[in-house]
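Presented below is the structure to which this report refers.
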Amino acid sequence: MSVILGSDLVKRGMAQMQKGGVIMDVVNAEQARIAEAAGAVAVMALERVPSDIRAAGGVARMANPRIVKEVMEAVSIPVMAKARIGHITEARVLEAMGVDYIDESEVLTPADEEFHLLKSEYTVPFVCGCRDLGEALRRIGEGASMLRTKGEPGTGNIVEAVRHMRKVNSQVRKVVNMSTDELMTEAKILGAPFELLLQIKQLGKLPVVNFAAGGVATPADAALMMELGADGVFVGSGIFKAENPEKFARAIVQATTHYQDYDLIARLSEELGEPMRGLEISKLSVQDRMQERGW
């Protein structure tokens with residue numbers, strides 16, 4: 001069988017290679033090297049971590065290409081970068097730069113409130129956020145090769161990531177237990193392609209990996225998300241907004257790998273210093289909830 005560059009098989013295979021690992025947000029080469037040394041399987045290059053984007057307000061855009069290049073030159077692990085929802089040119093620029101993945105991200109200010117990118121038209125694989133199975137399958141239908149929970153980025157509060165992971169997994173179980181003749185109606189309810197629901201029923205799971213993201217701030221948070229069925233973990237502000245980023249990075253990687261070794265997680269957590277300061281989700285207005293962006 002010939003393998004075509006940019007095909008779903010290749011792009012999904014690249015995402016599978018990150019399974020079980022931690023992907024860390026970084027804003028410069030020094031942070032990227034810390035992440036790689038700690039055992040991160042990939043880094044996300046951006047100008048500001050989500051907590052700083054939230055604090056600054058205004059319009060958040062794709063990172064300056066200089067920052068992305070600096071990170072790409074600093075590490076040997078895959079480098080991801082974020083593009084705004086629906087921003088074709090930002091995505092094409094990142095693809096031309098040679099990033100390993102593009103995150104069509106609700107952390108940035110959406111460029112298009114009606115249309116997401118048609119990710120199947122790109123050679124580079126995409127990761128997208130989701131809150132439920134309908135969102136997940138719409139993004140896969142557009143060509144996403146990897147999913148992540150939206151959570152609530154930049155808050156250090158894991159509750160929304162937990163909600164989204166549990167929601168997706170419970171809906172997957174429901175589909176798996178349906179008879180085939182019920183799937184078309186479920187596709188209508190979810191607003192998702194019938195063919196993807198059929199794949200889920202046949203596979204017994206999503207056809208792509210689904211990582212946890214949005215609110216991971218401690219080793220225990222990372223382990224919890226793995227316990228709930230995540231294929232891996234994204235950590236945004238939780239590393240470099242912590243008191244000791246190097247220790248936090250190493251501890252979160254180990255906790256993700258050994259997520260059911262509770263004695264180890266306790267030891268890892270003993271002398272880390274203070275984690276990032278957290279935000280209570282209920283105090284955020286609807287317009288300040290990044291998870292509401294996209295559909």
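Placement of Cβ uses the backbone N, Cα and C atoms for every residue, glycine included.
Since we're looking at a predicted model, the values are computed, not measured.
From the candidate list Gly129, Gly134, Gly215, the residue Swiss-Prot records in the D-ribose 5-phosphate site shared with Asp25, Gly154, Gly236, Ser237 is Gly215. Cβ-based neighbour count (10 Å, all protein chains) for Lys82 (active site, schiff-base intermediate with D-ribose 5-phosphate) stands at 31. Residue pairs drawn from Asp25, Gly154, Gly215, Gly236, Ser237, the listed D-ribose 5-phosphate binders, are separated by up to 13 Å at the Cα level. According to DSSP, Arg166 (D-glyceraldehyde 3-phosphate binding site) is assigned to a helical segment. Counting only residues at least six positions away in the same chain, the Cβ atoms of Leu228 sit under 8 Å from the Cβ of Arg166 (D-glyceraldehyde 3-phosphate binding site).
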